[in-house]
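Annotation source TrEMBL lists compositional bias 'Low complexity' at 244-257. Annotated region 'Disordered' per TrEMBL: 238-265, in sequence order. Summarising the annotation, TrEMBL assigns repeat 'WD' to 55-88, 106-139, 201-244.
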Amino acid sequence: MEDTPTVSLSYIAAGGNRHPSAADWAPGLLAFGAGNNIALWNPEDDRQNGISALLAGHTDAVNVVKTCDYDGQQLIISGGADKTVRVWRPTLQSSSPAPYEQSCCLVDHQSSVNTISVLPDLHLFVSGSADSTIKVWTLGENLGAKLIQSISLQPRYLPLTTALATLSEDAVVLAVAGTSSSIQLYVRPKADADFVLQATLAGHEGWIRSLDFVQDGDGFLLASASQDKYIRLWRLRQDPPMSPSSSTNTTPSTDSSAIPKQSLSNKPHQLITPSITYTLTFDAGDV
């Protein structure tokens with residue numbers, strides 16, 4: 001009697017999707033969109049076999065992939081041209097061939113999802129879609145997600161990039177940009193409040209493809225990268241306490257015309273939280 005032949009997987013080949021947000025990494029993991037799938041690769045694997053697994057679930061191209069450490073678990077959050085946002089967690093069943101499984105699928109967007117940003121310490125993430133909205137989500141029990149706010153972008157444009165940072169206690173700043181030459185900054189002053197537009201930054205002369213915050217002492221630097229071939233740096237500083245006589249105008253600037261197009265005026269913008277006021281200015285020099 002002949003032995004039954006066995007078949008085992010030895011190699012996976014897949015190309016990455018052509019989208020600037022379609023890849024992210026964490027220790028021991030590179031996750032990227034590959035067609036309708038998410039490809040996983042461990043660059044520290046001594047076997048150097050390349051892609052170790054494909055996560056299937058999206059029904060159209062994966063545009064954005066984010067990894068985050070959530071309560072000791074390495075999560076993946078993805079968005080695609082199928083209008084969905086999906087949360088993936090490490091597989092609970094040891095017998096499963098895939099290292100991750102889908103914990104929830106969010107279908108609130110009406111068009112392709114292009115950007116996701118995460119604040120895992122606050123169980124918070126946002127998604128941006130070609131429907132010109134930003135959805136704000138909170139992660140709950142069993143890694144389900146609940147929609148807590150929907151922001152309609154005005155004037156209407158398509159968000160291509162977002163960034164989140166914690167200002168103080170529960171205060172959070174959200175930067176949004178895309179098919180516009182301006183950056184909008186929204187502030188959530190406390191945990192149970194909504195994000196509100198407080199400043200609009202002009203200076204770029206093309207679509208903005210990438211945003212990122214980095215801590216800088218007791219403030220932040222915001223980097224923005226645009227199709228105008230420039231990376232611009234914006235500095236966010238804490239204001240010292242102001243006396244009543246010196247406080248003449250604390251109204252946040254939301255008018256993008258405050259800085260003329262193609263001008264890098266260093267006029268300050270204010271971001272106001274219950275405990276601290278921040279001043280944001282263009283940091284001299286382009287990259």
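Think of each number as a place in line: the chain as shown, counted from 1.
Every residue, even glycine, has its Cβ placed from backbone N, Cα and C.
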Checklist entry - For the repeat 'WD' (106-139), what are the DSSP-based totals of helix, strand and coil residues? => result 3 helix, 21 strand, 10 coil
Checklist outcome for this item: Residue counts for the repeat 'WD' (55-88) under DSSP, helix then strand then coil, are 0 helix, 22 strand, 12 coil
